[in-house]
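Let me begin by presenting the structure, written as structure tokens, before commenting on it.
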Amino acid sequence: MAQNQRPTSILESLGEEIVRIVAPVSICMFMVVILVSILNSSSSSSAATVSSIATIAYNESSSDSLWDKFTGALLNSLVFVAIITVATFVMVLLFYLRCVKFLKYYMGFSAFIVLGFLGGEIALFLIEDFDVPVDCFSFLVVLFNFSAVGVLAVFMSKMPILVTQGYLVLIGMLVAYWFTLLPEWTTWALLVALALYDLAAVLLPVGPLRLLVELAISRDEDIPALVYEARPVVYHESSPRDAVQTRMRVWRERNEISGNLPAVLDSVSEGNVISESSVDEIETSDSNPNSESSVVRAEEGQVLIRNSELLVPLIDIGGNVQPHGEEVSASNENLMLEGIGLGSSGAIKLGLGDFIFYSVLVGRAAMYDYMTVYACYLAIVAGLGITLMLLAIYQKALPALPVSIALGIMFYFLTRLFLEVFVVQCSLNLLMF
Amino acid sequence: MENSQNSNSNLNPNPIRIQNLVSSPIAVLWPTIDGSLGLSEEESVSYARRFYKFGFALLPFLWAVNCFYFWPVLRSRSFPRIRPYIVGSAIGFAVFMAIISSWALTFAIGGERLFGPVWDKLVMYNLADKLGLTGWS
């Protein structure tokens with residue numbers, strides 16, 4: 001980092017943002033691949049497939065013909081998508097009727113079920129596989145602790161950010177592993193169907209997710225949903241003398257922001273003035289590197305102290321990519337399960353459903369071979385990058401599933417059909433690899 | 001997912017730790033590990049107290065999270081109101097971990113020699129088989 005003040009480059013700010021969302025997705029996929037490799041190699045290949053709502057229409061068995069499997073998988077995925085659509089519409093209705101408390105309790109309850117029961121089952125699988133001599137009391141205490149703290153992390157908004165993010169990734173991992181236990185054709189058909197559903201639900205004007213987002217925007221509320229929010233990027237002052245890192249934290253109420261903008265700007269234009277704003281926790285970020293002000297954040301107001309020559313601090317509300325100058329007017333969207341958007345603090349939000357289905361794809365690829373894992377992982381990350389780019393361009397909530405799933409599936413089949421043959425033949429003939 | 005209930009009515013500023021008012025960096029000590037993204041001091045007191053009390057419901061992990069969250073409080077002594085809860089959480093977590101780990105290690109290392117036939121009944125994988133917990137019901 002240069003010692004003279006230089007604005008952070010696009011690469012640093014944008015790259016940091018992207019890394020903060022790609023890293024947890026990669027961690028989730030990696031853990032699912034590990035789980036799949038450990039648990040599926042030890043048990044027999046004809047493990048009992050889990051019967052769930054996704055196999056309600058047709059339960060695949062290896063003796064069926066190709067066409068039967070295909071139609072069965074299609075039926076399964078249609079049923080599943082129909083159920084998801086109904087559930088989403090119910091959620092839109094509840095949100096419309098302002099039953100936000102009920103939604104929050106439901107969220108906490110589902111987190112408890114996933115962490116407690118699903119997590120417990122997978123832990124039991126691992127214990128049986130490795131013959132870990134743990135007794136039931138310690139196991140129950142640990143599981144209870146784990147799920148209780150997880151519910152609190154998901155429920156309450158004020159846990160350590162790392163803990164909340166970690167638990168969300170864990171929930172995604174557990175659900176994704178459970179989904180990989182579905183029969184193979186059903187899984188692929190399900191992924192395709194869900195990608196199409198995501199596209200429709202977010203972009204069509206009648207889509208439930210779009211309705212949800214518009215409701216949330218019009219009321220300036222956050223949707224109570226399992227959404228992963230990346231830590232907002234702090235724009236460091238490059239000079240080491242500025243000890244305080246100023247950052248922007250936008251609260252949900254945009255009208256408060258616009259109402260207080262003049263107040264803050266007024267206060268800043270005078271020298272050595274201490275002023276207060278009445279909005280909680282709004283800070284201005286000194287993105288102009290030539291300034292030397294520091295911001296001290298008080299309890300419920302804001303104290304701005306300025307020492308020397310100061311240019312008007314840029315109130316950077318769209319903290320995503322500063323050089324592009326994004327505004328907060330477009331950044332207050334978040335989605336229920338699928339979809340990507342900008343959170344109220346300008347950080348990128350990615351729905352947990354995206355985590356889950358990316359990991360399902362990679363987990364399924366892991367069931368075949370590691371070569372497909374690498375190909376699918378790269379495809380998914382590329383798709384995520386494209387989606388983020390589109391997010392920066394269009395500045396509205398976008399579905400994160402379609403591009404990545406399309407690329408992932410395409411690369412899976414291409415790898416399986418062409419690349420594998422090539423690599424195996426080359427290796428057998430000692431040509432390379 | 002932010003659901004803060006901060007009311008913007010009371011404007012009690014928490015004590016500002018200012019070292020030097022003129023042309024020097026102002027060091028603010030945040031009570032939480034998240035720094036400026038975390039809680040202010042007033043909220044921290046209530047959160048620390050709540051975590052401490054909830055931890056008594058057989059939740060030592062909550063005490064550990066409490067210590068992790070308010071790590072700056074443990075390091076420096078400038079938060080006299082929050083510190084007793086965090087120190088209490090740390091002690092509670094240490095005690096609980098001692099108890100649980102000693103029991104678990106005794107169970108694992110002692111095995112059948114120490115416990116006899118009860119060991120087979122208590123160990124988790126047998127119990128899971130017996131109750132059919134891994135049948136993906």
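Start at 1 and count along the chain as shown; that gives each residue its number.
Glycine is treated like the rest: Cβ placed from N, Cα and C.
TrEMBL lists A:21-39, A:73-97, A:109-127, A:139-155, A:162-179, A:185-206, A:374-394, A:400-424 with the feature transmembrane segment.
Across A:73-97, A:374-394, A:400-424, stretch A:374-394 shows the highest tally of CB pairs under 8 A with the transmembrane segment (A:21-39).
Same-chain neighbours of the transmembrane segment (A:185-206): 54-55, 58, 60, 69-70, 72-74, 76-78, 80-81, 84-85, 88, 179, 213, 335, 338-339, 357, 360-361, 364, 397-402, 405-406, 409, counting only residues six or more beyond its ends whose CB sits under 8 Å from a CB of the stretch. Of the Cβ pairs linking the transmembrane segment (A:109-127) with the transmembrane segment (A:139-155) and spaced 6 or more residues apart, 3 or more are under 8 Å, so the two regions touch.
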